[in-house]
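Engineer: One structure is given below, represented as structure tokens, and several questions about it will come after.
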């Protein structure tokens, strides 16, 4: 609107302060008259209206101003409404997008949530036996969690959750769901791990805000207790904490998971063990029967391939079900083959005779005076258990299990030579295998001649039975010490790592002597026909509170077959077996561990494909025949 429309602004004024005729808008009277006639003063009677021409001139600028302001207000209202509409559209659009994202991806996880999610993604390879039978595998499952900050009625949540998950403790759950003072964020706690599908559905139907699920993996062992001490266990986060399971993680599986390099279980190659599940079941069954029959406190049994060091079967009882790993926490469920250390009794005489032969100071025809039945050494008296009270040959020292003969051999070699030989055989160091659990041998702090005397017949040095088994395997296989392994191995791979510790002729002499013991000595109980078995028994008094206790025995039997060309070593031990009427009350190794070993050999040799000998092998010990060894022709024939 022009400034000329406003009286007194921008225009000269007349004496009466009225508008000067030259500056009056000529159209104003007509516009005002029209407005007066049509809108402001309508006349129903049609009588002529008298307009004050001077008033019309005065109102016309005001009316124009009002009309302009009215139009401006309307325009501004439209703009404001549009802006408000756009704002509402933006807000509701953002909310809609957020809701869609939450529906598709869920709420962004808290730090605790992210850590927990990472811990549930550990994926493990299958573990299979030497024939591909599954020993351990993963299954997919879910775990339920809570974000306490998003749960408004804690008591109701506890009541509902414990109703569908009755194994939950209400008090503990309520404490979990109560946010800690000063804690920021919604928080994160596990409610229950590894739900069944039915449990998941029941929790889901509750519809409790702040309760959710995360994918998880559960380790399962289809064969239960069969190979528990070998396989070990995993924790709730599927991380190996014992046995082969821990070994797998130590080899890098845990790192692969932590760096997200494992997407699914099929990405991982199965871990193939040396175990034969068929033999494992058979050994466990025979051992369980033996423990019950001889009323032993515990026991263990093992089969080893002496040509590769592979452990074909290993059972220690009492055992546990790895599907319920809490059972493994009991002290009496240790792996007695690998973790327990024991004085091995007369089985150590195999090491003593091998040492004597290897030293070159003795031959199979050497003799030892055991008359009197007692060896006096200072204040110590060494007695015989199966005394002959005469001069005996080296093989007879073994078959009669002579303590005096063994002691004299060891003294002849000397303390330094004795210690050096046992170290060479791996008996003075901790045995390291794929199983992380192991125990160091207990060695005399000050090794004197009396220690050499007692260790010669298996007292005064405590080792793991698996450790002693490796030494006897070396004695049997031609003189090669192989570290026992629980992984499937070829003979070529084994020999590449083997160490020669005995001359071939020493090994042949020992095989002859072990076979002779099965024919006419303490190993008769394990001398299964047609399999040309040889071995040695061992009975040791247990040390309780620093003293030997005569009626609490630890018995062992080690046998190899076939003795002309050994393939397998069979070992059984029993902790505190009891004498029975059938044994005349005796509880020594020949009456219990030897019996169980014989039953194991009889049962598993067909499984392992070991052919029977319907005729004695020709010339099984040619060197012994050549040397004119006593009974050399009676243990197989020339």
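Quick reminder: no glycine exception, Cβ is built from N, Cα and C everywhere.
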Engineer: Between 81-105, 106-130, 131-155, I'd like to know which one TrEMBL lists as transmembrane segment.
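Structural biologist: It is 81-105 that TrEMBL describes as transmembrane segment.
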Engineer: Among 1-58, 175-232, where does TrEMBL put the label region 'Disordered'?
Structural biologist: 1-58
Engineer: Under the DSSP assignment, what numbers of helix, strand and coil residues are found in the domain 'Penicillin-binding protein dimerisation' (120-236)?
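Structural biologist: Per DSSP, the residues of the domain 'Penicillin-binding protein dimerisation' (120-236) fall into 40 helix, 33 strand, 44 coil.
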